[in-house]
Amino acid sequence: MSEAVMTANETTHRAEWGDTAVLQAQGLVKAFRQGGLNVDVLRGVDIRIGVGEKVAIVGASGSGKSTLLHVLGGLDVPTSGRVSLLGKPFTAMSERERNTLRNRALGFVYQFHHLLPEFTALDNVAMPLRIRGENEAQARHTAQAMLARVGLGERTAHRPGELSGGERQRVAIARALVGSPACVLADEPTGNLDDHTAGEVFDLMLELTRTLGTSFVIVTHDIDLAGRCDRILRLRDGHLHQER
C-alpha cells in the first residue's frame, strides 16, 4: 500500500484518538502465590504506546513478558496499578465493559495460532466481526478481503489442518487485524516457525500494521526481529528498561 494511504490511515486514527496513548499502563504490579510465597513478576511497570507505534518487549524466559501482555490486554488483572485503553480506564471497567472494548480496540496473535479447527479460514477470520454484531454478509466480505491481504485469498475454504504452519499464522494475523483494532498484542507470534517463514510472517505483520495505522506490541526472543520495531524494551527483575 502506498505511503499516502499509510499516512491517511494513521491520520484517521490520530483524528479519532488525538494525542491520547492507544495503550498505557502505570505502576503495574502482578504477584503470584507460589510454594507459600508471594512472587512479584511485575514490580511497577510503566509503558505508553502511541498511535501507530511498534514496540518489542524482550527478556529472559520466565521474566513475565507474557504476563505483562495478558495484563495489558485485559486477559488478566494486575495486583495493583492501572491500564488505560484509548484513554478509557480499562482495568476499572466491569468484565462486560472490558470485553466490549477489547473486542473493538485490540487484536491478539499468539505463538500457537488458536484457530478453531472445525471452521474454515474465512469463518475463523470473520469470528471477531460476528461477535461484534456485524451481519453475516458484511463479516464474510471483510474477512475475505483481509485474507486476500495476507496472501490467502485462494485458501479461504481450507480448515487449519489443511494449511501449513506459516499459512495458519497468516490466518491468525488476519483475524487479529480484521476489525481494524487500535493495537495488536503479539506473544511470540513467530516462535513456532522456521527462520525463513518467521521473517516472512513478521514482515507481513509490520507491513499490515503500518498500512492500517495500527499500534503493535510484540513479545519476542528474536533480537533481529525486535530490531525492526520503533522501540525495544527489556523486562528484567519486574521492570521495563528501554534498550532502544
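Note that Cβ sites are derived from N, Cα and C of the backbone, with glycine treated the same way.
Among the features that Swiss-Prot reports, ATP binding site is placed at GLY59, ALA60, SER61, GLY62, SER63, GLY64, LYS65, SER66. The domain 'ABC transporter' annotation in Swiss-Prot covers 23-244 and rests on sequence analysis.
Cβ packing within 10 Å was compared across the binding-site residues ALA60, GLY64, LYS65, and the lowest neighbour count falls to ALA60. The ATP site is set by GLY59, ALA60, SER61, GLY62, SER63, GLY64, LYS65, SER66; from the centre of their CB atoms, other residues of the chain with a CB within 8 Å are LEU235.
Each of the binding-site residues SER61, SER63, SER66 was scored by the other Cβ atoms within 10 Å of its Cβ; the lowest score goes to SER61. Taking each Cβ in turn and tallying the other Cβ atoms within 10 Å, the top scorer among the binding-site residues GLY59, GLY62 is GLY59. The secondary structure of GLY59 (ATP binding site), as reduced to three states from DSSP, is coil rather than helix or strand.
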